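One structure below.
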2 protein chains.
Amino acid sequence: MSKLTDVPKRILIGRALRSDKLGETLLPKRIALPVFASDPLSSVAYAPGEVLIVLSVAGVSAYHFSLWITIAVAILMFTVVASYRQNVHAYPSGGGDYEVATTNLGAKAGLTVASALLVDYVMTVAVSISSGVENLGSAIPFVVQHKVICAVVVIALLTVMNLRGVRESGKLFAIPTYVFVGGVFVMIAWGAFKGLALGDAMRSPTSHLHVKPEHTGLAGFAMLFLLLRAFSSGCAALTGVEAISNGVPAFRKPKSRNAATTLALMGGLAVVMFCGIMALAITTRVRMADNPAVDLLRANGHAVGGGFVVDPVITQVAAAVFGQGTFLFVVLAAATALVLFLAANTAYNGFPLLGSILAQDRYLPRQLHTRGDRLAFSNGIILLAGAAALLVVIYGADSTRLIQLYIVGVFVSFTLSQTGMVRHWNRHLRTERNPAKRRHMIRSRAINAFGAVLTGLVLVVVLATKFTHGAWVAVLGMVIFYGTMTAIRKHYDRIAEELAAPDGPSQDTVKPSRVHSIVLVSKVHRPTLRALGYAKLMRTGTLEALSISVDPAETKALREEWERRNINVPLKILDSPYREITRPIIEYVRSLRAENPRDAISIFIPEYVVGHWYEHLLHNQSALRLKGRLLFMPGVMVTSVPYQLESSELAKRRARRRAEWSAPGSVRRGPVDVRRREPTGTGTSGGGTPGQKG
Amino acid sequence: MSKLTDVPKRILIGRALRSDKLGETLLPKRIALPVFASDPLSSVAYAPGEVLIVLSVAGVSAYHFSLWITIAVAILMFTVVASYRQNVHAYPSGGGDYEVATTNLGAKAGLTVASALLVDYVMTVAVSISSGVENLGSAIPFVVQHKVICAVVVIALLTVMNLRGVRESGKLFAIPTYVFVGGVFVMIAWGAFKGLALGDAMRSPTSHLHVKPEHTGLAGFAMLFLLLRAFSSGCAALTGVEAISNGVPAFRKPKSRNAATTLALMGGLAVVMFCGIMALAITTRVRMADNPAVDLLRANGHAVGGGFVVDPVITQVAAAVFGQGTFLFVVLAAATALVLFLAANTAYNGFPLLGSILAQDRYLPRQLHTRGDRLAFSNGIILLAGAAALLVVIYGADSTRLIQLYIVGVFVSFTLSQTGMVRHWNRHLRTERNPAKRRHMIRSRAINAFGAVLTGLVLVVVLATKFTHGAWVAVLGMVIFYGTMTAIRKHYDRIAEELAAPDGPSQDTVKPSRVHSIVLVSKVHRPTLRALGYAKLMRTGTLEALSISVDPAETKALREEWERRNINVPLKILDSPYREITRPIIEYVRSLRAENPRDAISIFIPEYVVGHWYEHLLHNQSALRLKGRLLFMPGVMVTSVPYQLESSELAKRRARRRAEWSAPGSVRRGPVDVRRREPTGTGTSGGGTPGQKG
């Protein structure tokens, strides 16, 4: 099992790191760029196509608007990158949008951002994998003919790998990302050279088709609305830009500066790639349509029909520049698919990490907040994979339809984060007196304010143009996450109130004065002797052994053995004609409590520790059920005295292996949680007297 | 929910009894008869038909052999009844065949009987319900057209009722059984009167059909084999005779005598009913065939085809005597179906009871041996229902095909039980000196020996004639039960050996000298204060509080609160930069153990007790997982100090309700477990000194 999955693991992700090696893995910029940029860079594989698809509603004549849309997306990209460079400097702890919004705008804004990000992670998986399958399909037709199945298989593969504790490894992320970026740049350069210098008329595979406009003669407001919708789709290129702001602690020092530089670099690359692909798409006359089977017409006026596969823009352009099926074409298609799958993998890292932060703030079950907890992460991974797979199946792994759901969440968090940053600078400006620093802050505030206004506008545009096209699903998802997390927080708050210790030690509930200890005995064997030994050590009040008589012969043997061994603990035997175990004990304990309400009762249960799951069925079941009942009785504590059977070694090893499991997302989160790394030291405090010890 | 199922419950089974009312429910003979006899008496509904079906292989001319077969079955019935009357006197404790075989023939024979009985219970459900559906179908055609579904629905209904804790109630058992017995007697009497006195030529619905023999001119050994097969099928009338021998404690005093009388009464009724129905079947020219669609021919020589439904013999006879669709016909058909369903219900009582006895002997998980344990019984009920439903589906609810599997198990336990009884008398004869008692024993031994030989012969006949017809499935089932139970027993024996306490107190593993107590603290709240209070009471060695620092701010607050409250227990704080809880504690405990290997460590965990299942997801998860790890460390005991939240009231009530649940089978098992009811008393023993207490 381990061997089998190791090979694809290492090919795709690289060797898993032990968590104690984590300290050595601070990322240099050349590695940080591919780790954090696979998500935003990979979106140039689908964003250009989405723009053309929306424009095709008004026919090919509208394609010339794509220039303006490209410029608008580039401006937006620069704005967002500039804004997040401020975040990176202001919050070097890697708090991310959730922390920025919570700190500056309050808990509700923070929770909104968190809900948006959770939805966003699901969408990242669904969109990236669907798009990756489409890209792979332009080189391997089988894949695109079985899109949904292939997408679900890839999701399952990523899920299994992440469940088994594979982490991103910076170096192995680098190769496909750099191949992808390099390939796109070579394509743009070679295309420009061929077109401009050689005058070669490159033609994409769809250049001979006509687009049947759904609406002819759109003008005025309708046209504007269409352009805004096209722009909204183009904004898919911006998804994932915020990732670096979560990952500052993973950078080498100076962390903030390096992160900001990487961010700028990423922004520059993304804009060049997006613009270049758009330009080549127009030059090579790529034709796209929302419903290609019907809306793309051949020269004879007939629609191309359902069998015709329209490849993504990036591979159509590659076919025009390099030629369909050439070596460079195949390499680029494969690198594109791989980068898209890596982008999906980032969501597998981000989702449980965000979950652990939310758990710390008690919006999610507390146990999620431990970092290395395999079980906690597993639940997050399975939830993510399940939701993404559901969307992929419902939407037929069609990236165009999934994109409609995608961008809402991203811009909700952009807008709230940038607004929060404006508040942040306002607050700091109230106290800051250094003029140079003040100037710097005012400049930052201006950038963030511009970012907030622009992303806010885009959010309104996205909601307005895409709500009925599917964005409502994303909004619904956010509402569900928000509602669930609010309910969990309310529950924890209510419990915390119930649990709050009253002030002053005397107001506490009546303190027990003595302890009556009871050792449950079924037979005189090693576990019983151990439990008796421990109970004697712990005994401060009375001590007795208790046995339930379900079989007179056994009981007689027990009595005799007890006397023969001269065990100096009184043995109490309760008769149970119906061979019940739990009821007589509960009733006995209840009667003891009634006689001496001020006494606490301590019950020692010898437990066997076994190794196989089926052994659990054969042992300890009565003890477990009894414990379940005893816990409801006030004034009772239950002590398990374990006895390790030989077979328990197995289970011990299994437990240790589970504990050594390393959670996903550690690389991009950085080796230590600097934000929370104030010196706490190790030691003792409190009013303990020396006599307390020893 | 409770209201909805209460109505059919009370109609079919009567009001459930609280177990504390159990003492009042000793059965008079007139109630004991229907409780124990529904299974054997109901088999006259299908046994006559099975005889005719086998004979029809040789054509209608072979039907006259049915007289001899009836006589053979009647002789066998008298023999078995006479034999079991000896069992009832010799084992008034209600031990049943399993105890008789184990005591007299050894563990392997006992386990064989147990396996046979477990298979037998499954078959009782499958056959009785299939046959009940067929009988109901002769009054309501819809039922027989959807046989499998109806049978599965009835199984599901019985399962749900038994899971919810319905028990057989003697009085409600009585009505359908007496109606059934009365109806059959009226039918026999009225049929005899009409035929003999009035000379009325009654004709069954199939009397006009011809049977196409599968083999013509069978003779010699082949004919003998066929007759033996027909006899084997007729032996289905004997299933369930052993039930009374398990239920002696449920009878009023003198228990054994009353049980023996009831047994004789039941045998007499069964023989009369079986012979009467057979006689009427021959008189009214009932025609049966294994494959009626092909082998039953109309006057014109054409087969009747798949749409033709051949009703069971009992309803065909009723149609001939009373007339199809008359009031008495419908009453008898309904009573027959009801009695058959009640017979199936007896298996629901017997299966978990046998399981609890086997659990006492460690052939099944120990926890099954408590009588009132709902969970344990539930598993047995679900296993029984699942196996029966599987058989019903596989065999298309066809009672004729299921019968082939049925009789093996019954005769295995008859034969071994009777052989065991012979040994029993031999043993007693070795010591008994009273001549009158000796004479009595010798007589009993003769009866049992005859029974053993006869049932053993029948077992050989059944195996020989039915093995390839389906009995191999029953044998396979027995082998599986036998293998599983042997493996479980071996496991328990191995563990018992590992656990066995060495002799002399000093040879035990190194006894710890001191206890180092640790209270796990996350916050200063009521559960923590309670745990601290209890730990102080229990403290005999050192005591410290331990907290894991996952958030410096929280840790600081905890320290301050600790000092402010002046809690005089030292507070140790472990740093956990990766926000792990389990690992630092495990490592700390391990280091403590390494420093002082002779100290035991006692860990107090404050636990919240909550009411809803989803609250469990939100609380105690870290504690549970930590406990799971700690149990693997030798020298560590774990004490849960529960704190009952308000919502725990709910769960407490639920637990109490579960505890008050009454297990099925109590009525037929009798109010108390007399066999194990030697006086054990309640008190203390052992070498406790007075100083030990107080």
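Using N, Cα and C of the backbone, Cβ positions are placed for all residues, glycine too.
Bear in mind that the values here come from a model prediction, so they are computed numbers and not experimental data.
The transmembrane segment annotation in TrEMBL covers A:65-84 (among others).
Sequence-remote contacts of a segment are chain residues at least 6 beyond its ends whose Cβ falls under 8 Å from one of its Cβ atoms, and for the transmembrane segment (A:105-127) they are 39, 46, 97-99, 155, 158, 236, 239-240, 343-344, 346-348, 350-351, 354, 358, 363, 384-385, 387-388, 391-392, 395, 399, 402-403, 405-406, 408-410, 412-413, 416-417, 419-420, 423, 474, 477-479, 481-482, 485-486. For A:105-127 (among others), the entry in TrEMBL reads transmembrane segment.
What TrEMBL records for A:139-160 (among others) is transmembrane segment. Within the chain carrying the transmembrane segment (A:139-160), a Cβ under 8 angstroms from the stretch's Cβ atoms is held by residues 5, 8, 125, 129-130, 132-133, 309, 315, 325, 329-330, 333-334, 341, 344-345, 348, 381-382, 385, 388-389, 392-393, 396-398, all 6 or more beyond its ends.
What TrEMBL records for A:172-193 (among others) is transmembrane segment.
Taken from TrEMBL, the feature transmembrane segment covers A:218-241 (among others).
Taken from TrEMBL, the feature transmembrane segment covers A:262-282 (among others).
What TrEMBL records for A:327-354 (among others) is transmembrane segment. Taking Cβ pairs closer than 8 Å, the transmembrane segment (A:327-354) reaches residues 12-13, 38-39, 41-43, 45, 96, 98, 114, 117-118, 121-122, 124-125, 128-129, 131-133, 135-136, 138-139, 154-155, 158-159, 162, 167-168, 173, 176-177, 179-180, 183-184, 186-187, 240, 243, 246, 314-315, 318-319, 368, 376-377, 380-381, 383-385, 388, 663-665, 667-669 in its own chain, all 6 or more past its ends.
Below 8 angstroms of C-beta separation, residues 121-123, 125-126, 129-130, 133-134, 147-148, 150-152, 155-156, 158-159, 162-163, 344, 347-348, 351-352, 355-356, 359, 365, 367-369, 405, 477, 658, 663-664 of the same chain, each at least six residues beyond the ends of the transmembrane segment (A:375-397), sit close to that stretch. Residues or ranges marked as transmembrane segment in TrEMBL: A:375-397 (among others).
Taken from TrEMBL, the feature transmembrane segment covers A:403-425 (among others).
Annotation source TrEMBL lists transmembrane segment at A:446-464 (among others).
The transmembrane segment annotation in TrEMBL covers A:470-488 (among others).
The region 'Disordered' annotation in TrEMBL covers A:655-694.
As annotated by TrEMBL, compositional bias 'Basic and acidic residues' applies to A:670-679.
Feature annotation from TrEMBL assigns compositional bias 'Gly residues' to A:683-694.
Note: the stretches the transmembrane segment (A:470-488) and the transmembrane segment (A:403-425) are in contact (3+ CB pairs below 8 A, sequence gap of 6 or more). In summary, the transmembrane segment (A:403-425) does not lie against the transmembrane segment (A:262-282): fewer than three C-beta pairs, each 6 or more positions apart in sequence, are under 8 Å.
Looking at which of A:65-84, A:172-193, A:262-282, A:446-464 has the most CB pairs under 8 Å to the transmembrane segment (A:218-241), the answer is the stretch A:65-84. Looking at A:65-84, A:172-193, A:446-464, the range that has the most CB pairs within less than 8 A of the transmembrane segment (A:262-282) turns out to be A:65-84.
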